[in-house]
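Student: First, the structure itself, so that you have it in front of you.
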Amino acid sequence: MQEKIQKALTIRSNIVRKMLAEALGMFILMVFGLSSVAQVVLGKGQTGQYLSINMAFGIGVTLGIHASGGVSGAHLNAAISTMEWIVGNLDWRQFTAYLIGQFVGSFTAAATVFGLYYDALYRYTNGSFTVTGPTATALIFSTYPSPNVSFLGGFFTEFVATIMLVLGILAIHDEKNNPALKGTQPLLTGLLVLGIGLGMGMNTGYAINPSRDLPPRIFTALAGWGTEVFTAGQNWWWVPVTAPILGCLAGALLYSLLIGLHNQPEEKTENKNEQIGVETS
């Protein structure tokens, strides 16, 4: 009986399996991350600090990669999926499945954290969910620029932070260079995200991921914060969508130009040197 149930529930489509893996990985990542922001904001600094947010997102990334990496490769980032599609590593069906999975996982995580902290949210705001002001809570779910940062400065921050993300990921996984030990990649990627948050999070909250920012923003628009979540910060919402994509492409190009194109496996290099020696003789 158990085998029959398992057989009936088993999904055979590789694309659907990847979509579900991305959804679960993204859900884990975002629940850890968003709930940590909620604790800091709603606890008024008594139940967490900025460091705890960075650590929670790092932990979420690590566990999300562990959950989905063996099935989908754990992109957990629409900018990375877009980069993989542009360079030809994903076809349009896989690309669509990755985006859907990430969107569903992130949106569901935002709804989960909203339910988890609804009582605290209501008490903190007296039932008035606002995007700006002394009791603003929209920032729990999505990123907004700091008041002292210009629009261009915020865009550049997201662009550079995503370049650093991609450079780190490529270095961790580059088998031709000095890759991380097998099994340590999720932890190192989590530490990478932690490092980005510690060093480049002040200006914009380091979205570095459209899947991290846009689905929760849509959720907040539907859950009571209204359309101001899109107009706040000089229509800031599109920056965490476009800047990470451009940053991913720039980071991949930079790594390829400086490392990837010139670095060949030792065996291939030795064979090439032997062939040159024979031809010279």
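Glycine too: its Cβ is placed from the backbone N, Cα and C atoms.
Pulled these features from TrEMBL for this protein:
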type	residues	note
TRANSMEM	20-41	transmembrane segment
TRANSMEM	53-74	transmembrane segment
TRANSMEM	95-118	transmembrane segment
TRANSMEM	151-172	transmembrane segment
TRANSMEM	184-208	transmembrane segment
TRANSMEM	236-258	transmembrane segment
Student: How about the transmembrane segment (53-74) and the transmembrane segment (151-172): do they have 3 or more C-beta pairs under 8 A, pairs 6 or more apart in sequence?
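Tutor: Not in contact, no.
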Student: State, in range form, which of 20-41, 151-172, 184-208, 236-258 has the highest count of Cβ pairs under 8 Å to the transmembrane segment (95-118).
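Tutor: When the Cβ pairs under 8 Å are tallied, 20-41 comes out ahead.
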Student: Between the transmembrane segment (151-172) and the stretches 20-41, 184-208, 236-258, work out which stretch tops the count of Cβ pairs under 8 Å.
Tutor: 236-258
Student: Below 8 angstroms Cβ to Cβ, which residues of this chain, lying six or more residues outside the transmembrane segment (184-208), approach it?
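Tutor: Contacts with the transmembrane segment (184-208): 50-51, 53-55, 57-63, 65-66, 69, 74, 77, 79, 139, 142-146, 149, 153-154, 157-158, 160-162, 164-165, 168-169, 172-173, 239-240, 244, 247.
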